[in-house]
Amino acid sequence: MDQAVSVNADPDMPSDSEGRSSRWRNWTGFWLLGLCNNFAYVVMLSAAHDILKQQGSHNSTSPTPSTVALDVEGGKRSSYDCSPVSTAAVLLADILPTLMIKFSAPFFVHNLPYGFRVLVCVATAIASFLVVSFSSTMWISVLGVIFASVSAGLGELSFLSLTVFFSRDVLGGWGSGTGGAGVAGALLYSGLTQAGLSPRNTLLIMLVVPVAMVISYFFLLVFPPSFPQWKCREVESVRGRDSQSRQPLLDDTDEEEEREKGAEGVFIMSACEDKVTGPLTCIEKLHITKGLLRFVVPLGVVYFAEYFINQGLLELLYFPNFSLSHAEQYRWYQTLYQVGVLVSRSSLCCVKFRRIWALSLLQCVNAVLLLLSVYYQFLPSAWLVFVIVLYEGLLGGAAYVNTFYFISKETGDRQREFAMVAASVGDSLGIAISGLIAFPVHRYFCSL
């Protein structure tokens, strides 16, 4: 088999053809790609409160009700310290373009060479930082956030599908890097702005991140010799190897029995196995997508609950007698959430957890608890919210990295690249729905 399409031959260990140095470079490369890819997305969410406040002040020269509502320390027209527009507005601008890309790209993105995709990601990330930095109106700021969304969405599905050309341990590097993006982005933004740097200058400093993506991809990764960097590739596979690469979902279940039952966790339908060479057909892709639902739906629920918390509720959980201002409390909520994500997305080498539905249930419990706390205001201090938000990040990160690990493990060679791309829609769909619901929730509480 062509080395470029020899995908994830060993489900747990790196390929023997990779030396120790190459394996380390690839793991580090994917860690940096995960960091750079999600960085702009995270920064825009961390800056959401500042973006809304800045545009509110730019668009008004007198203390209207809207600008009064933006004054964190001044009088409030509501029992909650609300901005006139929910931070969910920034969330929707940050996720809807990503969602559109992830819904449509699995059916055409294979026609775009990987090198070209990476350059598009870099260009749109640079545009996002520049546009938001120099914007003077809300709509220009939203356009900048949209650029960040396009970069993150195209990058995520491209780099996830790219992992199939390397040993499976690079998934751990990618997951840890995306978690690191959350911590680095939130900490840098929170730290630099709290140190006195303006949001505009903070965003301009972060232009080094897209440059780091170029270096990581083109100079750090060790690609297979025949990897099609600047041209489309033809997918080839053989039935024997394809079957060997698929694993039963329950390790303690007899393999033969699982085969007879159809190996319910293996996404490849018999109709897909009849054709073992060439690109996947639309019918095959639809069969694979149907099989992915058992993982994608729980992942979507996890992300719906956590982003409903992050962009719909945390802005309303303000403790006026705390040592931090409202804007500072919001930034550190986001930062602690990202710390939890980093820890759990880096845990793949230590523990693997397949029951994503349990994580989704626990995340929903968090959402209900914090919704009730916003309504009844029974939480005594921001410190308790900090702990809950950290725990929320742990659940979300674990759901993400384990979902893609088991999809990679349980999918055949020929179908794996498409499966990784198609499954990436789960978290984005959950986030988009949470943003839509957060709008009426925000308006309701601000009217009280």
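Glycine too: its Cβ is placed from the backbone N, Cα and C atoms.
What TrEMBL annotates here:
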- 1-21: region 'Disordered' (REGION)
- 30-48: transmembrane segment (TRANSMEM)
- 114-132: transmembrane segment (TRANSMEM)
- 138-159: transmembrane segment (TRANSMEM)
- 171-191: transmembrane segment (TRANSMEM)
- 203-223: transmembrane segment (TRANSMEM)
- 356-376: transmembrane segment (TRANSMEM)
- 382-406: transmembrane segment (TRANSMEM)
- 418-439: transmembrane segment (TRANSMEM)
(request) Using a Cβ cut-off of under 8 Å, list the residues of the same chain at least 6 residues beyond the transmembrane segment (171-191) that approach it. (result) 26-43, 46-47, 159-160, 163, 202, 206, 328, 331-332, 334-335, 337-339, 341-346, 348-349, 393, 397, 400-401, 404-405, 408
(request) Look at every Cβ pair spanning the transmembrane segment (114-132) and the transmembrane segment (203-223), keep those 6 or more apart in sequence, and say whether at least 3 of them are under 8 Å. (result) yes
(request) State the residues, same chain only, that lie 6 or more residues beyond the ends of the transmembrane segment (138-159) and have a CB under 8 A from a CB inside it; answer 'none' if no residue qualifies. (result) 30, 33-34, 37-38, 40-41, 43-44, 51, 54-55, 59, 85, 89-90, 93-102, 105-106, 109, 114, 117-118, 120-122, 124-125, 127-132, 174, 213, 420-421, 424, 428
(request) May I ask for the residues of the chain that lie six or more residues beyond the transmembrane segment (356-376) and have a Cβ under 8 Å from a Cβ within it? (result) 80, 295, 298-299, 301-302, 305-306, 308-309, 313-314, 316-317, 385, 388, 391-392, 395-396, 398-399, 402-403, 441, 445
(message) Are there residues at least six beyond either end of the transmembrane segment (203-223) with Cβ under 8 Å to its Cβ atoms? List them, or say none.
(response) 18, 22, 25-26, 28-30, 32-33, 35-37, 39-40, 43, 47, 115, 118, 121-123, 125-126, 129-130, 132-133, 155, 165, 185, 188, 192, 197, 229
